[in-house]
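Novice: According to TrEMBL, the protein has these features:
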DOMAIN    1-309  domain 'Major facilitator superfamily (MFS) profile'
TRANSMEM  12-29  transmembrane segment
TRANSMEM  41-59  transmembrane segment
TRANSMEM  66-92  transmembrane segment
TRANSMEM  112-133  transmembrane segment
TRANSMEM  154-174  transmembrane segment
TRANSMEM  180-201  transmembrane segment
TRANSMEM  213-236  transmembrane segment
TRANSMEM  248-268  transmembrane segment
REGION    290-309  region 'Disordered'
COMPBIAS  299-309  compositional bias 'Acidic residues'
């Protein structure tokens, strides 16, 4: 702000435009990764990202900074969709839970420092929950189904997270006062971090299981919606806190979480109806069914060959 003599809003725009680039980039890199492969897209985009970041560091005016930040966000967005696509390519559905747990937790663990210790604890707790509780439950259902289960079987962690998320947000909203100990609001990060990873992880797994061969593209669409909110909110958050105060301004996202709370339960109950209406979900299901039939036929042929020998 001081170097370029710009307002708070323009300075914040550097962050918002980078996040807006995250919304635009996946629309390009997801289909390219499905056409040309994940590795090729990684090699190109991450090298260009480094170039734009270097340009931002040496920029002489705010206009250059803003343009390069947006372009950097576009090229830096490839891991958002491609990484989950790689996991979908490398791991079978029964093995995907642990891989997605580690992938989902890693980027959220970036913020460091004592104010975020509650969030970090909640995230670690969510990984433990997925590894030792959720993943065994899912594998039991897969075994009961003869090696197959429905995508909605990925959503129970999301149901838990949907309840825990507003609890953490309301807790933080009404304990972030100077008159209360710092630990009171910091501890609110535990249910928040726990819920954030649970919701993110189960939704990613649900989308991958529902659209398998189109995983990168559907995750790109998911990323666009998230990043549009990430682009817009920093532009008015300062004014919102100044106008509403720390308690009510922090209550706004908590109320939004309450409004969204029923949706995971609705998808858990009626998700199969929604998938039947989707052309791409039907194609993905038929493709997966064909692979299973091919694998079954191959196993039967191997058994016949062994018997003849």
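Glycine is no exception: its Cβ is also placed from the backbone N, Cα and C atoms.
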Novice: Cβ under 8 Å to the transmembrane segment (12-29), counting only same-chain residues 6 or more beyond its ends: which ones?
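Specialist: Residues packing against the transmembrane segment (12-29) from afar: 41, 45, 65-66, 69-78, 80-82, 216, 219-221, 223-224, 226-228, 230-232, 234-235, 238.
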Novice: What residues elsewhere in the chain lie close to the transmembrane segment (41-59), defined as a C-beta under 8 angstroms and at least 6 residues from its ends?
Specialist: 25, 29, 32-33, 65, 68-69, 71-72, 75-79, 82
Novice: Could you check if the transmembrane segment (180-201) is in contact with the transmembrane segment (112-133), meaning 3+ Cβ pairs under 8 Å among residue pairs at least 6 apart in sequence?
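Specialist: These two segments touch.
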Novice: Mean pLDDT, the domain 'Major facilitator superfamily (MFS) profile' (1-309)?
Specialist: 86
